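**Student:** First, the structure itself, so that you have it in front of you.
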Amino acid sequence: MPSPTPSPSIWSRKRDLVYLIFFVIHIPTIFMVDAVPLLPTALQTDLARQIRAFYVSSYNDKFFAEPPPPWFTAFIAMELFYHAPLSLWAIPALIRDNAMVPVHLLAFGVQAFVTSLACLVQVWSWEDRTVAQKRSITLLYGPYVALGWYPILLWSWFGDFEWAADVCLGAFMALDMVFRLRGRLLGKRKLA
């Protein structure tokens with residue numbers, strides 16, 4: 001039986017490198033900003049409280065500045081109990097080019113897209129925030145949304161398609177994984 005060919009380096013797999021960088025940044029964001037109120041008191045560090053307070057004062061994000069709606073708390077719980085473990089798994093898995101990466105990142109991409117899009121729809125309904133404040137929040141949530149129709153909506157709102165294209169990740173990741181899995185599952189068979 002022939003030995004398996006070695007996987008190409010992460011440095012040559014540009015999309016995987018982008019995902020790797022994303023997950024490296026995402027882990028501290030979960031524990032230092034998003035999930036702080038859900039963590040046991042012993043794990044709520046002064047640094048995390050300071051970073052979260054800075055975020056609230058800088059971005060005026062009502063989800064963090066006021067008691068959040070129950071659905072948002074559920075989304076943050078998903079970050080803590082799904083995103084965090086998956087992110088910790090994904091970092092070495094992406095480096096090693098683990099065969100299960102497309103399966104896990106497909107689920108992650110779809111979940112990140114749907115939950116972040118729901119948040120942005122709510123953000124843009126806020127009547128007590130300025131357009132500039134909403135744009136700032138969108139820049140933070142936007143990378144989780146991505147591709148599909150969202151850049152078109154941003155373009156129509158702001159008239160800047162290049163900016164809209166720059167805030168892409170969630171749906172892009174999901175579509176990328178669908179096509180990777182499709183290629184593996186179908187191989188060279190032709191679709192009917």
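From the backbone N, Cα and C atoms, a Cβ is placed for every residue, glycine too.
Caution: TrEMBL annotation is automatic and unverified by curators.
From TrEMBL, for reference:
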| type | residues | note |
| --- | --- | --- |
| DOMAIN | 15-152 | domain 'EXPERA' |
| TRANSMEM | 20-43 | transmembrane segment |
| TRANSMEM | 71-91 | transmembrane segment |
| TRANSMEM | 103-126 | transmembrane segment |
| TRANSMEM | 138-157 | transmembrane segment |
| TRANSMEM | 163-181 | transmembrane segment |
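Describe the structural context of each listed feature in the structure shown, including burial, neighbouring residues and relevant distances.
**Tutor:** In the predicted structure, the domain 'EXPERA' (15-152) carries a mean pLDDT of 89.
Residues 19-20, 23-24, 26-27, 30-31, 34-35, 37-39, 63, 101, 104-105, 108, 111-112, 115, 118-119, 122 of the same chain, all 6+ positions outside the transmembrane segment (71-91), place their C-beta atoms under 8 angstroms from a C-beta of that stretch.
Under 8 Å from some Cβ of the transmembrane segment (103-126) lie the Cβ atoms of residues 19, 61-63, 69, 71-72, 75, 78, 82-83, 86, 89-90, 93, 134, 137-138, 141-142, 144-146, 148, 150, 157, 169-178, 181, all in the same chain and six or more residues away from its ends.
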